[in-house]
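Annotation comment: Swiss-Prot describes HIS162 as active site, electrophile. Here Swiss-Prot flags GLU232 as active site, proton acceptor, drawing on similarity to another entry. Swiss-Prot lists ASN78, LYS80 with the feature substrate binding site. If you look up Swiss-Prot, you'll see 1-67 marked as transit peptide.
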Amino acid sequence: MAVVSTSLASQITNPNSAVSTQFSGLRRSFLKLENSVSTQSSFFQNVDSHLRLSSSSRRCPRGVVAMAGSGKFFVGGNWKCNGTKESITKLVSDLNSATLEADVDVVVAPPFVYIDQVKSSLTGRVEISAQNCWIGKGGAFTGEISVEQLKDLGCQWVILGHSERRHVIGEQNEFIGKKAAYALNQGVGVIACIGELLEEREAGKTFDVCYQQLKAFADALPSWDNVVVAYEPVWAIGTGKVASPDQAQEVHVAVRDWLKKNVSEEVASKTRIIYGGSVNGGNCAELAKQEDIDGFLVGGASLKGPEFATIVNSVTAKKVAA
């Protein structure tokens, strides 16, 4: 196949544009929106046959929507490209000794090379996620990791659509959606990331960008069972800046409303929508109090066992607020 012959540089060369709806606050207007990440459609034409083989032939009818999870608070730790065998041994030891609230689904996403080490040494109920996966079955795709390989290592989840994959690697909405569909069809849960750039927020395009990203997932997914949506404003990731509780809640409400109108009311009410973007032990409680924030996707703070435990246990703030 010609999939791997297209360079990442060529994927991010020429801007495409799309006609869509812009939201400023909650008011709607129509405009022509230029994509913030310029990509070439040829990349997706090259993989189109692979998409059809790996996803479309296995899709359930769009009218069939399976309900998502348990409704528990959900906290994921994205370790990104960090750690050594020694530091991860210490981090896992801290997690094993931490007291974590029972009413929380806890997931950690180590780098690929440490998944087996983490899986074999965790003693509690913490589940394992991958940070990415290939769009279909394994084969001649140098450097990629298949969902089947992740399952073989014991991964229950995979993070897809993270802003660093979108804006650094150049992955497009359609490509991400197809990866999510394949993972779900293989029985791996998806943490589906969405979020806007700073210039998009300042231009009043926050909702529009998030809706486009959601639509790409909705168009591809066989169901919303085992899907967690993670809203991560790009301007807040790793910057120390964090959306205020009100800002985060506003977007979470809008995301849930979009799911209600475009997927189903049941999916909207069942799907957990979590927040990510410089979440730490100091701000997690106030964020957790927001009605539509169902948990967190944590970056840097997840590399510190005690602080990550504090974030997991912020579910108590939600219980008090309720």
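Note that the numbers count up from 1, one per residue, in the order the chain is shown.
Backbone N, Cα and C define each Cβ position, glycine as well.
Among the recorded positions ASN78, LYS80, HIS162, the ones whose Cα sits within 10 Å of the Cα of GLU232 (active site, proton acceptor) are HIS162, in sequence order. Ranking the recorded positions LYS80, HIS162 by how many other Cβ atoms lie within 10 angstroms of each Cβ puts LYS80 at the bottom. Listed in sequence order, ALA109, SER129, GLN131, ILE159, HIS162, GLY276, LEU297, VAL298, GLY299, SER302 are the same-chain residues six or more apart from ASN78 (substrate binding site) with CB atoms under 8 A from its CB.
In three-state terms derived from DSSP, ASN78 (substrate binding site) belongs to an extended strand segment. Packing around GLU232 (active site, proton acceptor) is summarised by its Cβ count: 26 other Cβ atoms lie within 10 angstroms of its Cβ, all protein chains included.
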